[in-house]
């Protein structure tokens, strides 16, 4: 391999694309592309019991949707494949046997019952479980005999019990661990497949990975990974361990707890660009005031040394704000195209949806807010006459009734029902009555919508509703106000 930067995203196909996983993929992609490097997709499927049908498609689809295009991977191949761990079984066994020859690993024939007993003892003593090296000194004859008899075995890493192991992480700095704390972790399981802990080290080396990006929960395993690199005489890659993403101060974001996955956020009407932009800022500080970044700007600005150690809190309000910024930056045509499925779901009347898009474009932060903004277009909602009283607009029951009674015949006489003509009629009435705009416009808006807050005002709503429906609703408003007399 050359000195080219090479990063990898190595998910397990176990279901949804969690926000934390997507951030790992994004950071790995940005590190590679910042230096014109390669971004590799590797599928880590050695834990066969956790695999979920269709999860592989979720991984491919997410990378495709987000534009985090990999340069090598199972679907497109590359020079260091296969890129699926279950297809690399023989490679891991070969390297595990090399460790045995070097005296850095050993066969373990301990039964499940014995290991369960050791675990129970550790729990009773409130100590972390560590294998007791029971099989470390078996002779070659004993090992050969047990293998010949078909006794199940695993291959374990042989860690020292004295001294310490140190490693450097770009975010957390230099970390040193007493070797007495290192468990002789399993490298090859009894089914012949490697553990994640072994496979990721072998694959990262053979695939020429220069920067390993992963969650900070792997910090505690890194000394054992380093001992594997040293045992093989391999260079240790640059470690970039990212802080956890928290739901709040005390709870990690977790799909198991019903927290949003990438698919959930997309289904709620968040734009992929906004999601990526927001996730990039969960733990990374670009410096300065700028918060909205295109992918090209992220690639240029991203420096992994500016990732914080402190956990990042997933702030839905901040994500909504950012999504609103992205929605407002869309062209009207693009927004209309994205809003159409929501109109089809929410509207029961045949209305000019392009005009509705003109109203909503700057008024929604998330696309799934659209239906709740449209309810009054289908049917006039039941509302209290008290809505006609508005202190700021200086409206009362009396002047509201007068405004509606005065505007009704003028709108009835209107032959060409357009926004401009409706506006002209209403503004002429304001002059004629010598009142503030709100005295005429607030009652009309209340009558046609039945709501305190609407996208657009009286003219826009009347234009979209059409003449017949608008007049009908104004008459209902007049009746409501007359009933109070």
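Quick reminder: no glycine exception, Cβ is built from N, Cα and C everywhere.
Annotation for residue 135 (Zn(2+) binding site): same-chain Cβ neighbours under 8 Å, separated by at least 6 residues, are 106, 107, 108, 109, 110, 156. Swiss-Prot lists 108, 110, 135, 137 with the feature Zn(2+) binding site, giving sequence analysis as the kind of evidence.
Annotation comment: Swiss-Prot describes 255 as ATP binding site, evidence class sequence analysis.
Taken from Swiss-Prot, the feature motif ''HIGH' region' applies to 11-21, supported by sequence analysis. Within the model, the motif ''HIGH' region' (11-21) carries an average pLDDT of 90.
Taken from Swiss-Prot, the feature motif ''KMSKS' region' applies to 252-256.
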If you count Cβ atoms within 10 Å of each one, which of the binding-site residues 108, 110 comes out on top? 108
Using a Cβ cut-off of under 8 Å, list the residues of the same chain at least 6 residues beyond the motif ''HIGH' region' (11-21) that approach it. 43-45, 47, 50-52, 55-56, 58-59, 62, 196, 215, 244-245, 253-255, 259-265, 279, 282, 314
Residue counts (helix, strand, coil, in that order) that DSSP gives for the motif ''HIGH' region' (11-21): 3 helix, 1 strand, 7 coil
Setting 108, 110, 135, 137 aside, what same-chain residues sit with their Cβ within 8 Å of the center of the Cβ atoms that define the Zn(2+) site, listed in sequence order? 106, 107, 109, 133, 134, 136, 138, 156
Count the Cβ atoms, other than its own, that fall within 10 Å of the Cβ of residue 137 (Zn(2+) binding site), considering every protein chain shown. 8
